[in-house]
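**Student:** Submitted below is the structure of interest, expressed as structure tokens.
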Amino acid sequence: MGQAHITKHIFVTGGVASSLGKGLTASSLGRLLKARGLRVTMQKLDPYLNVDPGTMNPFQHGEVFVTDDGAETDLDIGHYERFLDVSLDGSANVTTGQVYSAVIARERRGGYLGQTVQVVPHITDEIKDRIRRLADDSVDVVITEVGGTVGDIESLPYLEAIRQVRHEVGRDNALTVHVSLVPYLAPSGELKTKPTQHSVAALRSIGLQPDAVVCRSDRPLPDSLKKKIAMMCDVDDEAVVGAPDASSIYDIPRVLHREGLDAYVVRRLGLSFRDVDWTEWDTLLRRVHHPANTATIAIVGKYVDLPDAYLSVTEALRAGAFATDTRVDLRWVTSDECSSPDATATLLDGIDGVIVPGGFGVRGIEGKLTALRHARENGIPTLGICLGLQCMVIEAARSLAGLEAANSTEFVPETPHPVISTMADQHEVVAGTRDMGGTMRLGLYSCVLAPGTLAQREYGAAEVAERHRHRYEVNNDYRHRLAAAGLVFSGTSPDGRLVEVVELPADVHPYYVGTQAHPEFRSRPTRAHPLFRGLVAAAVAHADRRRGMLPVDLPSEDAPTPENGVPENGAAQTRGVTAGRSGGSIRRGASASRPSVSSNGTAALVSP
């Protein structure tokens, strides 16, 4: 009889400070183990009391990452999916709100048979059950990241649950990796290990002895400091891993492998493995560091002061850049600042592409509409995502279809032309008579693409599936009028009732596409999403024309309207114009107050 399969557990904790990059460390380790032939899944334990991040302010939490099954999760789940090239489900993100809700609901049903319900054992048992639920025969390793920092009150039940899991599965089947900060003090010119020593001491006081320590720093750690940390924290010398800032987040697996973390883990857990297969990742790194092309793309959004609010968008854009061998310089543009056509022209000067991402609420909407009009009229490749599609429809209704008061019922409930309206099953939510959290149109839905359209060409398929997160949709009462004005409805739900993709014809604009979905959630660094790849390719072509001052065919300002002679397919007369001059690569809007972010992530997510 064969030996029973035993799933191994790796727990990743953090100390000294938040935002050290536990998620990227865990993701990179997962990538290394998968490259060694192991089957890996990942999970994030979040100590906040929200059931999920769906109703959180983007400025507080960053983006909400949506899984195939419609779960609204932490942005680290996006890192897990991108680095491992897998699709996770809602079980990958556990929150204190979920845990307490489940325990209290069970108590109300009489599930505890009159017991006094307590943090230990009932809350910790629920946490353990959610950890162990992932450990089935299809998985060799479960990597579980604990959110927050050791010493936080709200993290204590999770750390106690991990201690118990280690005891129950056996020391040979569980391993704890502690990510800690080793700061550099400029006045003394020294890296200091004392914060890490105290952090490990705090972890040990809870009953958890780390097996490995990943030391985050802004420079490499000398071997003498590694030995000191090993001695003072009671871990093996080879288990102290230096993790200095990297030039790209995609360098982190190489850094951790060079430090020997993955080799130590597989040996410590007794895992069968092969050597790391770097074929795919090395190809990626070559494109990260040695691209052949360049282009500048603006993200016109409401939450640009916190780039994490658009994390998957920027990573999908970088993946599109890698796929086209391009370095993309990002320019962050606050939609509020696009207050007039002249201001917008200044902010978007020298731009080769525009992304209008998702969001909620009326603030900044008029600025997005102005930016979209500028991009449409000047032939700048543009991708609208979720709210971006809705803004494209509103702008087309106003500028092309002559519906000057067109709007969304989200912004102006009594608008005379609601070209964007509340979905039928969302009216009670909008009215406040039904819960807001977890009630949007969430998860994976199919989309049928019209033959011969740009969207169908980019996808290379007649039907695709994308993840969604929205309450509003294109109003079908206006579809015929908008189509007559030149807007192409190139993708719909299989029943044809819900608009999924809009675009302008290729003879009117080189790349002007909007999707109601969130395609960024299905992009991978080694497998770019078609819409982002297409946007970058179009932006590179635009950049080449702009730098060469070559003629660009654009719709004529006095082209006929649908009422006076434009063919039904929306084709318009074009005129030759000269593209604007090149702008600098370090821009935030019109100023240099924020560095641009290259497609390799150099100026943003540079630490594991």
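Glycine is treated like the rest: Cβ placed from N, Cα and C.
Pasting the feature list from Swiss-Prot:
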- Cys386: active site, nucleophile (ACT_SITE)
- His518: active site (ACT_SITE)
- Glu520: active site (ACT_SITE)
- Ser18, Lys192, Thr193, Lys194, Pro195, Thr196, Gln197, Lys228: UTP binding site (BINDING)
- Ser18, Asp152, Ile153, Glu154, Lys192, Thr193, Lys194, Pro195, Thr196, Gln197, Lys228: CTP binding site (BINDING)
- Ser19, Leu20, Gly21, Lys22, Gly23, Leu24, Asp76: ATP binding site (BINDING)
- Asp76, Glu145: Mg(2+) binding site (BINDING)
- Gly359, Leu387, Gly388, Leu389, Gln390, Glu410, Arg471: L-glutamine binding site (BINDING)
- 550-608: region 'Disordered' (REGION)
**Student:** Report the nearest neighbour of Ile153 (CTP binding site) in space among the binding-site residues Ser18, Lys228, Gln390, Arg471, comparing Cα positions.
**Tutor:** Ser18
**Student:** Can you give me the same-chain residues 6 or more apart in sequence from Pro195 (UTP binding site) with a CB-CB distance under 8 Å?
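**Tutor:** In sequence order, the residues whose Cβ lies under 8 Å from that of Pro195 (UTP binding site) (at least 6 apart) are Gly15, Val16, Ser180, Leu181, Val182, Pro183.
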**Student:** Applying the rule Cβ within 8 Å of the centroid of the Cβ atoms of Gly359, Leu387, Gly388, Leu389, Gln390, Glu410, Arg471, what extra residues of the same chain belong around the L-glutamine site?
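**Tutor:** Other same-chain residues near the L-glutamine site: Gly358, Phe360, Cys386, Cys391, Ser408, Ile420, His470, Tyr472.
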**Student:** Could you state the whole-number distance in Å separating the C-alpha atoms of Glu520 (active site) and Thr196 (UTP binding site)?
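**Tutor:** Approximately 36 Å lies between the Cα of Glu520 (active site) and that of Thr196 (UTP binding site).
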**Student:** Quick check: of the binding-site residues listed here (Glu145, Lys194, Thr196, Gly359), which one has the Cα closest to that of Asp76 (ATP binding site)?
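**Tutor:** Comparing Cα positions, the candidate nearest Asp76 (ATP binding site) turns out to be Glu145.
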**Student:** Sorted by position, what residues of the same chain at least six away from Gly359 (L-glutamine binding site) have a C-beta under 8 A from it?
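**Tutor:** In sequence order, Pro58, Gly301, Lys302, Tyr303, Cys386, Leu387 meet the Cβ cut-off.
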**Student:** May I ask you to report the DSSP-based helix, strand or coil state of Ser19 (ATP binding site)?
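**Tutor:** Where Ser19 (ATP binding site) sits, the three-state DSSP reduction gives coil.
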**Student:** For Gly388 (L-glutamine binding site), what is the tally of other C-beta atoms lying within 10 angstroms of its C-beta?
**Tutor:** 26
**Student:** Identify, among the binding-site residues Ser19, Thr193, Thr196, Gln197, Gln390, the residue whose Cβ has the fewest other Cβ atoms within 10 Å in this structure.
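**Tutor:** Among the binding-site residues Ser19, Thr193, Thr196, Gln197, Gln390, the sparsest Cβ neighbourhood within 10 Å belongs to Ser19.
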**Student:** Please report the number of other Cβ atoms within 10 Å of the Cβ of Arg471 (L-glutamine binding site).
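**Tutor:** So the Cβ neighbour count for Arg471 (L-glutamine binding site) comes to 17.
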**Student:** Roughly how many angstrom lie between the C-alpha atoms of Gly388 (L-glutamine binding site) and His518 (active site)?
**Tutor:** 10
**Student:** Among Ser19, Gly23, Leu24, Leu389, these being the binding-site residues, pick the one whose CA is nearest to that of Thr196 (UTP binding site).
**Tutor:** Ser19
**Student:** Roughly how many Å lie between the Cα atoms of Leu20 (ATP binding site) and Lys194 (UTP binding site), rounded to a whole value?
**Tutor:** 17
**Student:** I'd like to know which of these recorded positions, Asp76, Glu145, Glu410, Glu520, is least surrounded, judged by other CB atoms within 10 A.
**Tutor:** Glu410
**Student:** Could you tell me which of these binding-site residues, Leu24, Ile153, Leu389, has the greatest number of Cβ atoms within 10 Å of its own Cβ?
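**Tutor:** Compared across Leu24, Ile153, Leu389, the most Cβ atoms within 10 Å surround Leu389.
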**Student:** Quick check: in three-state DSSP terms, what is His518 (active site)?
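**Tutor:** Once the DSSP labels are grouped into three classes, His518 (active site) ends up as coil.
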**Student:** Is Thr193 (UTP binding site) helix, strand or coil when read with DSSP?
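**Tutor:** The three-state answer is coil.
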